[in-house]
Structures are given as C-alpha cells and as structure tokens.
Amino acid sequence: MHDVWRQATENLEKVMSESDFTTWIQPISYSHADDTTVFLTVPTLFFKEWIDEHYRQVLVGALSVTAGKKYFIELVVQEEDQNAEVPQAEDLIIKGHQEIEQPVTSQPETSSSSLNPKYTFELFVSGTGNQFAHAAAMAVANNPADTYNPLFIYGGVGLGKSHLLNAIGHTIRSSSPNLSVCYCSAEKFMYEMVNALRQKRMDQFRSRFRNLDVLLVDDIQFISGKVGTQEEFFHTFNALYDMQKQIVITSDKFPREISDLEERLRSRFEWGLIADIQPPDLETKIAILKKKSEITRIQLPEDVIYFLASSDTRNIRELEGMLIRLGAYSSLQGIPITLDMARENLKEIIGDRRKDITVELIQKVVAEQFGLKMADLKSSKRLKNFVQARQIAIWLCRDMTSFSYPDIGAKFGGKDHSTVIYAAKKIDLALKDDPKLSRIIEDIKLILLK
C-alpha cells in the first residue's frame, strides 16, 4: 500500500500547483493501512485541520483511483503534545501580531531543499509572452538586490511564474552559496506564522524570515483578506528592503487588482519592477513541447506536437499534462505515440481540430507559399515545383483533416486514391532526411493553425 500512496502523490504533483503540493501534500507521510483505511501522518494539529477542510476529498480520490478500490483516510498528528489546547487558525491569523512570545535564538535558514530541481533557467522556454519576465528574473538572479527590488511577476495559472521564481533561487545559490535564500508560498508563510504563534516562537519565525538575503514568495494573492498575515509580511518586507535584500513575489493578478490587500503592502509591491507573463503563442507552445519531450524522453512526432500546440489550451501545465498522459498510455500499452492515438486519448480534453481545417484552406496556403494558383495543385502538370507543392498539400490533407484518400483525391482534380497514397508516402520518406522540407511544412502548419 505504501507504493500506492507514493504513486497517488506523484499523480497529484502533476495536477496541483507547485506551491500547494510542496506545502500541503509533501509533508504527509504514509503510516500503515488496513482493508478500508489508509493512515497518514501529518506534522501538526493545525495541518490536520487544514487538510481535513481543503484536501481530504482530493486525497481520498487520488488513493482510490490509484488503488482501484475505495479507501478512506485517517490523519494522525505526529506531535509530542497532541492534547495541548490549540487556538483557532483564524484567530491567530487576525490577532497573531498581538501574541506573547518567548525569546528564541535562531539563525537564518537557507531553504534550498524546497526549490524544484526541474525549474531552472536552462529548462525555461522563453517566448513573446514571457520574455520580459524571463529577462527581469535573470537580471535579479545575476545581481540580487542590485537591479530590480522588489521584482513582482504576475500572470495566469500555469504560465511559468513558479518556474522563474525557483530558477532565481537556483542561480543565486549556485553563484553565491554564502547567501541565504528562502523560497516559500504565501500559504506556507501563513502556516508557519500560525504554527509559531501557537508555539509562542514568533521571535524564531521573525529571525528566520527577516535575516535572509533573498526571499522568494509564490502566490502572494493568498494573503488577501488575512489581516494578521498581511501585518507580519509587511514588517518582513520592510526589514528586508531596508537592509537591501532581494525580494521577488509572484501573483495571479496585478497588485492593484488583488482584493482585500492593505494599501501599504500594495504600494510596496509597486516600488520595484512589475513584469507580466502572457499565455504562450503557437510557436512558444511548440518549443515547450519539444523541450519537455526531450527532458521526459517521450518520443513525440512532429504532427502530434502541432496537434497539441494548436489546442485551445493557453496553460503550460495543461500542455505538460497532455504530454505525460500520452507518454503513460504509450508506455503501458507498448505502442508508439501517433496522431490518431493522441486524438483518441485527448478528445475529451482538446477535441478534434481537424474540423477547423479544410482541404481548400490547405490548397490556398500551399499555393501561396509556392507562388502558384490553387488550380495548379489540382492539375496534372509535372513541373518539379508543381509536383512537390501538390504532394505537400496532399500530405497535409491526410495529416490535418478527416477526409479519406478518395475524398482528398476528388478535391485534387479527381485523382484516384492510389495517387494520393503515393504522394503522401513520398513526403513521409523525404521528411526522414530533408530538413529543408521539414521547415517548409512546419511553416505551412504554423499558418494553418493560427
């Protein structure tokens, strides 16, 4: 059952945000199981209450799907004093800064283990929608607290904000190992603050966060409406900024659009550089898929890459999820990934783009690219330029539409299906060792899919 738990958490990691998974799923440990229940160990009572409220059904679902049968979960708190009276989390969040503290000495903590090893600048694909944020992040990583401070990066879910935040941390730790770097989500900041209040260790908490050289905070919008957390983060921000320490923050919204955020915090977020990340365009999605398939060693044919990239999704995480899904199906079934297999597997997610592309559209675009007329593609002229353009158009019709060989032939001047098959196979063979032809077809596909 331990293996089932491990597989279930791996599945959750693929669909949850980096910060949520690291904060709330990673700290949970498998204990034991019986016929109906899986017993899991959590670090604190507050953590248990949070999981009960926000993630219990998620965990039950993940375990049950992975195991192939329904399981319940039982959360066990791993604390020495489980009977101690614990204040309500909301009370702590609102009144936290008024709590009595016990002086505790602590050295600033350098949190490198929380950095995702997969999120580096080398593995980040830069495109028109993210190149400004990418350049700003690299500038900060190479010269912390010297260029843009704070750096505020905002954009929609799954567009690469966490990737850039982690990449900054990796670069600074590699080039300046003497600097203390802490990466955490705003949710984790609140959770650790509440824990410190309950244990009366706010001095230790403040010493940790206010003596850093670099603070990287993900999803700052989480502190919206949380008065006590905003108060504590305000003083943490001031302490670091006054000491000229680097602060980088991400959010799903522009500072002015974050609701229930104190004006003094909002204005501080706007002191430095604000960089946005836009959804990737077609070219960037293609580059991302090629990079991810290389990293994961999932063999993804060119036509499948274009099929995925042309989907309506504007979320990089969803693209990665589709890639992983195809890779898993291919591995489990022992079959290669093909365009037909991808269409069948992902039809509920992205539908079938073939209905949007017609033979006439392909003929029009190919003719324009070769400086020909559409009638030339339908003729029987044997000039080399005509023949190649006609074969490419037929190959694209086979690849990008639902038409049968006879239907395609009918639209190319009444050619029979054997002629269509021959033309398509001719291009298949040529693509294996003709990079120039590959680029021509890639360019035409980009036009068709826009």
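Backbone N, Cα and C atoms are what each Cβ position is placed from, and that goes for glycine too.
It should be emphasised that the depicted structure is a prediction, and the values quoted were computed from it without experimental measurement.
Going by Swiss-Prot, these are the annotated features:
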type	residues	note
BINDING	Gly158, Gly160, Lys161, Ser162	ATP binding site
REGION	1-69	region 'Domain I, interacts with DnaA modulators'
REGION	69-113	region 'Domain II'
REGION	114-330	region 'Domain III, AAA+ region'
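Location within the structure of each feature annotated in Swiss-Prot.
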residue	record	CB count, 10 Å
Gly158	ATP binding site	20
Gly160	ATP binding site	26
Lys161	ATP binding site	28
Ser162	ATP binding site	23
